[in-house]
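Chemist: One structure, pasted below without further comment.
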Amino acid sequence: MLRILDLKNMKENHEKITMVTAYDYPSAKQAEQAGIDMILVGDSLGMVVLGYESTVEVKIEDMIHHGKAVKRGAPNTFIAVDMPFMSYHISLEESLRNAKKIFQETNAQSLKVEGASGDILIFIERLTEAGIPVIAHLGLTPQSVNVLGGFKVQGKDKTTAKKLLDDAKKVADHGAAALVLECVPTELAKMVTNSINIPTIGIGAGVNCDGQVLVYHDILKYGVDRLPKFVKPYTDFNDSGTEALEAYISDVKQENFPSDDHSFFMKNKDALPERE
Ligand code: KIV
Ligand code: NA
């Protein structure tokens, strides 16, 4: 299993870090078998597998329930778990308590939090001091989508670009182990990556980040209809999965399934009871 130090070494050696989200046992198992470096139990869980409207509806219990399943599926892979909406904003004490609960119950390697406000920076520092590695998340931070005013690229002008660069330095200075950059112009993501000594993991942030992360269901095109520009689907499970189910339905209707190959038979026909 990768450790935080390995991530830093990968950055120094220009070896790309791969990350994918997973939300359950089979997706985690598949990601580990494929050889992914890190798994994120993202709060995208809410939309992708629970059918919520947004990440705002995701609860601590959801993250723990799914985080545990991911851990069972990928026991040898570095796992980060998202702290969900408002679970680290009410007070430092409550934030630390929630972090302890999620970290201990999921047995993950790291927690991820969005933003770089003063309170978040202190929180990152306290968690790191306590022994919980933190992955920061800047740029488009979906938990703040209602404040940001939509899913838009962040840091496109001089003021916001400077703010993002400053925030990246701050989370690194406060002990963050890695930084997810979401929907950031390629040039800015490159500058951030070259300005801090922790790995950047991009999603919609260009090729110069130290690593890349995508949502499992986006890569497989599974249950998602519209894909954002930054996603490259590597297969189409919407189509192949539906075709498989249609073939199954048709086979059952026409008695093509189960065939003898998929059925059990008695060795001794005399063993059948007499008909009444
Ligand atoms: O929840 C999530 O899937 C994420 C990634 C997109 C980084 O935070
Ligand atoms: Na997330």
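Even glycines carry a Cβ here, placed using N, Cα and C.
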Chemist: Hey, TrEMBL has Mg(2+) bound by Asp82, Glu114. Any idea which of Asp43, Asp157 it lists too?
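Modeler: For Mg(2+), TrEMBL names Asp82, Glu114; of Asp43, Asp157, the listed one is Asp43.
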Chemist: Would you mind sorting out which recorded positions among Asp43, Asp82, Glu114, Glu182 put a C-beta under 6 angstroms from ligand 2?
Modeler: Asp43, Asp82
Chemist: Check each residue in the chain of Ser44 (3-methyl-2-oxobutanoate binding site) that is at least six apart in sequence and keep those whose C-beta is under 8 Å from its C-beta; list them in sequence order.
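Modeler: In sequence order, the residues whose Cβ lies under 8 Å from that of Ser44 (3-methyl-2-oxobutanoate binding site) (at least 6 apart) are Thr21, Thr55, Pro142, Val215.
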Chemist: Work out how many Å separate Asp43 (3-methyl-2-oxobutanoate binding site) and Glu182 (active site, proton acceptor) at their Cα atoms, rounded off.
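Modeler: Between the Cα atoms of Asp43 (3-methyl-2-oxobutanoate binding site) and Glu182 (active site, proton acceptor), the distance comes to 14 Å.
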